[in-house]
Amino acid sequence: DFGRSSELAFVVEPSDDIAVQEQPLILYCQVEGIQPITITWRKNGVMIVDSENAFMLANGSLYVSRFQRVRGDGSSDEGEYDCMAQNHYGLLVSRKAKIQAATMSDFHIHPQNAVVEEGGVARFQCQIHGLPEPVILWHKNSMPVNTDNERYTLLPKGVLQITGLRAEDSGIFHCVATNIANVKFSREARLTVSGSHSTVYKDPMILVGPENLTLTVHQTAVLECIATGNPRPIVSWSRLDGRPIGVEGIQVLGTGNLMISDLTVQHSGIYVCAANKPGTRVRRTAQGSLIVQAPAEFVQHPQSISRPVGTTAIFTCVAQGEPPPQITWLRNGQILETSDHIKLKNNNSTLSIYGINQADEAIYQCLAENSAGSTQASARLTVLWADGLPSPPQSVRAETVSATTIQVSWEKPLQNTKEIIGYVLHIRKAADPVEMEYQEAVSKSTFQQLVTDLEPSTSYSFYIKAYTSRGASKASEVTVVSTLGEVPAMPSLFIKVINSTTVQATWEPSIKLGQHEGFKLYYRKVHLSQYTGPVLLASNITAYNITHLDASVVYEVKLLAYNQHGDGNSTVRFVSLRETVERTVLNPPCDCMKDEQNNKTSTTGIIIGIHIGITCIIFCILFLMFGYRGRLLICKNVQEQLSTPQIPRSQRSATGLVLNGATRRDRDDRDLNGKQLDMNELERLFPASPSQEQQEKGIMSAHSLSAPHDETQISTLPLDEFSIIEEQPDPLPKNPHASSPAAPAPNHGSANEG
């Protein structure tokens with residue numbers, strides 16, 4: 001026994017097979033491990049009892065003396081077989097072997113008569129179903145077709161292609177299907193080769209394209225593609241996804257059929273057959289999909305492990321295949337049921353057993369299965385148990401201290417306490433799975449532990465184990481207790497002024513609020529002691545408008561969350577609406593109706609504005625033209641008067657005004673020979689300030705007595721081109737037009753002031 005594996009394992013497992021009617025069948029099963037080992041067989045999950053027809057051989061194999069697809073009682077030897085091996089370590093189940101009867105149906109496609117011109121292509125096909133897949137051969141005129149002829153191509157699915165037809169190819173064809181179950185012949189078909197080779201141009205045409213195939217790895221795929229045309233088209237292959245087809249295991253049969261040997265999953269894809277006219281881009285295409293399946297196989301096998309009582313055992317089983325396999329776990333040959341301490345994760349790839357005990361000791365199997373096949377792997381769990389370990393801790397109690405704290409206490413075990421090195425407290429939310437459990441270590445002299453950082457209003461489970469250097473005791477009884485509830489936390493509060501009488505209070509919902517039932521909102525004027533409220537708001541409400549406020553005072557707004565345990569702390573904000581009122585006064589709202597009416601007349605206003613603008617431009621041009629002539633006259637008078645002596649300020653009189661250094665009398669004399677300035681026009685162009693009103697009156701009084709003047713306009717002159725001088729009355733005889741003295745003018749500064 002020391003030379004054997006202590007773990008029960010299969011050396012040979014039964015495999016899929018096709019049995020022949022009335023012939024014997026042997027299913028092999030060989031096991032190694034600690035004796036005694038008992039082997040039994042099942043068919044479709046039912047135990048097989050030894051009988052004259054089926055019994056187990058000495059080496060553990062199953063022998064079926066006469067395989068029958070259908071027996072007289074309606075039963076069948078077809079089905080799924082597995083063998084089971086058991087010793088005192090556990091029970092093991094082999095993979096399932098699918099046993100089918102060899103059969104052959106009648107032909108469901110027979111070859112058809114064909115008439116093809118010389119140089120063309122002929123194609124015959126026959127199809128038949130059978131297990132195993134029948135081998136189809138072709139006969140011409142009752143003789144096997146010569147496969148050495150390059151123009152004759154035989155495809156595995158019962159297709160015969162003949163290219164470059166000649167007259168000697170005419171004849172009678174039929175196919176022969178053969179497997180271990182039977183041999184069958186198809187109906188005959190006649191091929192007639194007519195005429196001579198035609199030289200008429202014909203576009204490329206694909207007679208038969210590739211069909212969709214589903215095969216298993218290591219099989220051979222044949223993708224058919226036969227094309228005609230004149231000149232003879234060139235057939236090429238590609239993948240629709242652009243990946244290269246490769247060269248290994250690739251072969252072209254006949255004039256364009258693609259054969260892929262030793263298939264792998266990477267060969268799966270859509271294949272495109274193209275028939276190209278030589279030397280041009282004229283082409284025809286056809287496509288078909290190839291799906292390659294792979295039986296399940298293990299990437300990582302589960303490993304046998306040994307674990308002390310109370311610890312966790314983890315088995316990992318990773319399988320691959322196409323399609324992806326499903327994984328099932330067995331415990332001693334029975335489907336494993338999950339529970340609080342047995343969990344499956346990662347699509348059943350990981351088996352975790354928490355808090356193991358001696359009842360968990362068994363053989364665990366991982367079965368991986370898909371449509372292409374199945375496989376199994378096993379591992380054994382050994383639970384370590386040492387004599388003399390402490391008994392479980394006693395009298396475990398848990399008392400709630402606060403909303404986040406629980407105190408757990410216990411008493412030491414009743415037996416084997418001398419080797420105890422410490423205790424481990426196992427903590428878990430009652431609603432959480434076992435894998436969410438965590439532990440806290442405690443010294444051997446401590447019999448209570450304060451567990452903190454717990455969640456309010458939550459149930460927790462606790463149990464204790466005593467540890468020695470040789471292992472742990474069994475778990476104590478589990479005690480469950482809940483933490484106290486607590487009031488919600490402070491909500492965050494924001495205040496937004498809507499208008500002069502309304503503010504909006506908003507707050508954010510938060511997970512930190514805990515189990516809150518709603519909110520209470522209060523508000524008041526800051527100089528008052530009494531609040532308005534509370535306004536009760538549901539827990540899903542996050543905003544509330546406070547209306548009918550006084551804009552002249554400051555308000556205090558308070559918000560708190562409450563639940564069945566009471567009110568939480570409040571959040572307080574202060575708000576004033578005065579600034580909003582001031583902004584409203586300074587920036588009154590727009591009169592939307594008025595703006596709308598203005599918009600209606602905007603087009604008319606634009607047209608009127610354009611006309612006014614054009615009129616102003618015309619008047620300005622005329623004004624500048626006529627004003628320029630008057631400017632020349634004024635400038636000439638200025639030059640003539642530059643030599644006139646000026647009277648000192650002390651000799652000036654307020655009885656009259658002169659322009660450009662000339663006296664009133666001299667000006668009157670010039671009026672007789674020239675043109676007089678239009679004083680009204682001058683007054684219009686250079687309006688006097690209020691301090692000059694008396695001067696203007698003097699000018700008007702003196703000017704009203706002067707001789708009639710010319711109507712010539714004068715242009716606007718810069719101030720530095722004229723001056724106003726005050727003078728004393730002339731002692732010479734007075735001008736008859738100056739009989740009315742002008743009003744006195746105030747002192748106006750120097751003669752050059754303008």
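Along the chain as shown, residues are numbered 1 onward.
Note: Cβ is positioned from N, Cα and C throughout, glycine not excepted.
As recorded in TrEMBL:
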COMPBIAS  644-654  compositional bias 'Polar residues'
COMPBIAS  663-673  compositional bias 'Basic and acidic residues'
COMPBIAS  735-754  compositional bias 'Low complexity'
DOMAIN    8-100  domain 'Ig-like'
DOMAIN    105-192  domain 'Ig-like'
DOMAIN    204-287  domain 'Ig-like'
DOMAIN    295-382  domain 'Ig-like'
DOMAIN    392-486  domain 'Fibronectin type-III'
DOMAIN    487-583  domain 'Fibronectin type-III'
REGION    644-754  region 'Disordered'
TRANSMEM  606-626  transmembrane segment
Seg_contact(the domain 'Ig-like' (295-382), the domain 'Ig-like' (8-100)) with at least 3 CB pairs under 8 angstroms, min sep 6: yes
Residues in the domain 'Fibronectin type-III' (487-583) grouped by DSSP into helix, strand and remaining coil: 9 helix, 50 strand, 38 coil
PLDDT averaged over every residue in the domain 'Fibronectin type-III' (392-486): 90
Secondary structure content, the domain 'Ig-like' (105-192) (per DSSP, counts of residues): 3 helix, 43 strand, 42 coil
Residue counts (helix, strand, coil, in that order) that DSSP gives for the domain 'Ig-like' (295-382): 3 helix, 54 strand, 31 coil
The domain 'Ig-like' (204-287): DSSP-derived helix, strand, coil residue counts: 3 helix, 44 strand, 37 coil
Number of helical, extended and coil residues in the domain 'Fibronectin type-III' (392-486), per DSSP: 3 helix, 47 strand, 45 coil
